[in-house]
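Feature annotation from TrEMBL assigns domain 'Ferric oxidoreductase' to 14-146. For 12-35, 56-77, 97-116, 136-156, 168-186, the entry in TrEMBL reads transmembrane segment.
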Amino acid sequence: MLNITFLDLSASIGLVATIVLTFNFLLGMMISTTYKKHKYWKSLPKRIKQINVYNLHNWTAYFALLLVLLHPLFLLFDKTTKFKLIDIFFPINAPTQKVFVTLGTLSMFALMIVVITTQKVIRDKMSFRAWKNIHLISYATAMLFVVHGIVMDPLLKNRPVDIFDAEKVVSELCLVVLLVATYLRYKFHTKTKNV
C-alpha cells in the first residue's frame, strides 16, 4: 500500500502547478504576439489551430491558481511540518526555510493579483496600460515560483538543494523554458518595435 503523506501531496501539487504555470506563461506570451499570422502557426494541423488559445490560457490560469492555493494548504494537515495558516500568508515565522517559503508566498499573491485583475468586471474598470503593467508581473511571478520549487527542501528539513533530484530537474527544465521563452519574446518585441 502507498504511504503518501500530506507533505508528499503538497510537493506533488506544487510540481504540477509549476508545469501548468509554465504552460500558461507560454500561452500568454503567444497571445501577446501575432501568432496566427506566423508561418509556423499556419503550418500546424487544423485541429490545433481550432484551439481557442485565449480560453485555454484563462482556464490554465484558474487551474494553476487552484493548485497554488492547495499546495500550501496540505502542509497544514501534516503535523511534521509544523506549518500554521499564518505561516502560509505571512511566512516571516515559518517553521523552516523562511526566505524560500516567502518566494512561494509572493508568487501566490502575484498570481492572485494577475488572475483577479483579468476578470472582465475588474479589467473593464482599468486602463489597458494599467492592466498590461499588472499582467507583466507574470514575468517575475514565473521566476519566483520556479526558484521556490528548486530551492525548497521537499521534506522541509533544510537539506541542501539536490539539483539532480527528479522533482528539481522538472523545475529546472521549467526555468530553462521560461528563460528561453522570455528571451525570444524580448527579441520579438524589439524586432517588431523597430519595424
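Backbone N, Cα and C atoms are what each Cβ position is placed from, and that goes for glycine too.
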Checklist outcome for this item: Long-range Cβ contacts under 8 Å made by the transmembrane segment (56-77), restricted to residues 6 or more beyond its ends, are 6-7, 9-10, 13-14, 16-17, 20-21, 23-24, 27-28, 31, 83-85, 88, 104-105, 107-108, 111-112, 114-115, 118, 145
Next on the checklist: Restricting to the domain 'Ferric oxidoreductase' (14-146), what is the model's mean pLDDT?
Outcome noted: 94
Checklist entry - Any residues 6+ beyond the ends of the transmembrane segment (168-186) with a Cβ under 8 Å from its own? => result 15, 18-19, 22, 25-26, 29, 32-33, 139, 142-143, 146-147, 149-150, 161-162
Checklist entry - In the domain 'Ferric oxidoreductase' (14-146), how many residues does DSSP assign to helix, to strand and to coil? => result 108 helix, 0 strand, 25 coil
Checklist entry - Is the transmembrane segment (97-116) packed against any residues at least 6 beyond its ends, judged by a Cβ distance under 8 Å, and which are they? => result 14, 21, 61-62, 64-65, 68-69, 71-72, 87-91, 122, 134-135, 137-138, 140-141, 144-145, 147-148, 151-153, 156, 158
